[in-house]
């Protein structure tokens, strides 16, 4: 009979209370510490095994990730996380800025040297609650003195500071530095959001979170997390109809008509691949992954694994210019003036250069928006192969074999589509070209639907105190459409609801909408809901606004060069 000693030791280890300085010191050593349900998780050993990629975990280091973890993971996955628990916290957690986002952390030796801080727990909580980072470049001017300036800025209090500051007190500068045109614009956007949305005070955000979690329990009680499989029989019938029409007209020699229905087939398939990627069909990780891979890779030529890695980060840092890959589209699109500064993408691990090509396209982006989206699928092919042929795909853990199944799916897709359909079934080069272009351009609406949910919404960074539900509702809009048109939007018209609860099956989102709207009224968070036409107008308006800013910036830079005035005085 085995000794109970190891189990008792493990229990004692998990019950250990970690202080804030201890956790900061661990992160300073390079540990990946995440807080979930008051548990302190050390995720180092899991980083290379995580099916959703390591970036998603890195964005949660030093943060309370309870809501993000609960809405994006199955009960089984959450139970497995207990193996990485090293202790607990006592009381409310005040988030740090993660290292991947620029957070700076002090070692144990550095913290021990701060004796006055250590002797005053209240002061420690006050300063540390801001994290231990320098100013985030997404919010601040290049001048680091701006960190000092903001300490007396009436717009931002310690309870609602949008970025982190060092725990060490900073001296006030004798003169406040001048702010650039871009910095003034950033301040204005943040001020607008602070006026429009509930305060970032801990007690306010905690109440929002409490009601958000209560809403989840109500949604579960109404059975809205359970998939209605009869709805997928209707979807399957629609897919079969489009594929049958594609094949019929291909055999009849009506190649352009055939291409149109193939595009419709792909357009509709994306929605079920999205469902499967979120485990919204069977709620079993491997079953839904296989469904998604068959749809995305074998039938559509797109990598489900790439989409998951990208999409998981998008759901965590929605609409953040430096971190969300779903809004990082230079040189073609910029939905924020922050892209004019050539921001560093933490997802792509490179600088997104605001170069000559970007300066040209951005100035006309409101006019080029729809034409460029017609070619969106070609870019997805590229991203899929980059993912599958690089080290991004998981090679260990439960998803180790997905990459090989996906590569097999890609080979199958290019055999049936590229060789059997385009090369063997269509006689001439021009007809092949027309077939490929039409079939791909018909999928353009899905790219409109994807960007519509976020492009017109806020990109302001309100800092670490903002709750998960408020951030999702602030950065995402829903589209108002009649119920009979739900099939066309495929659930993407309910993106705000989907971001709150990603595992709710698509066909239950409309029934969930009423509950979410009541929640928004209760906590006084504006619920973004626009008609399809109005939503598109808002997107075009946002693109046009940023384009005008780009034109103004270019004119200012030209004037400065011509006059020799470089703002150095």
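Cβ coordinates come from backbone N, Cα and C, glycine included.
According to TrEMBL:
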type	residues	note
DOMAIN	15-90	domain 'Cytochrome b5 heme-binding'
REGION	119-176	region 'Disordered'
COMPBIAS	154-167	compositional bias 'Polar residues'
TRANSMEM	241-269	transmembrane segment
TRANSMEM	289-307	transmembrane segment
TRANSMEM	368-388	transmembrane segment
TRANSMEM	400-423	transmembrane segment
Worksheet item: Which value does the mean pLDDT take for the domain 'Cytochrome b5 heme-binding' (15-90) in this predicted structure?
Response: 93
Fill in: Contacting positions for the transmembrane segment (368-388) when only residues 6+ beyond its ends and CB under 8 Å are counted
266, 301-303, 305-306, 309-310, 332-333, 361, 403, 406-407, 410, 440-441, 443-444, 447-448, 451, 539-540, 543
Worksheet item: By a Cβ-Cβ criterion of under 8 Å, what residues six or more beyond either terminus of the transmembrane segment (241-269) are in contact with it?
Response: 235, 295-296, 299-300, 377, 421, 425-426, 431, 434-443, 445-446, 487, 490
Fill in: For the domain 'Cytochrome b5 heme-binding' (15-90), residues assigned helix / strand / coil by DSSP
35 helix, 14 strand, 27 coil
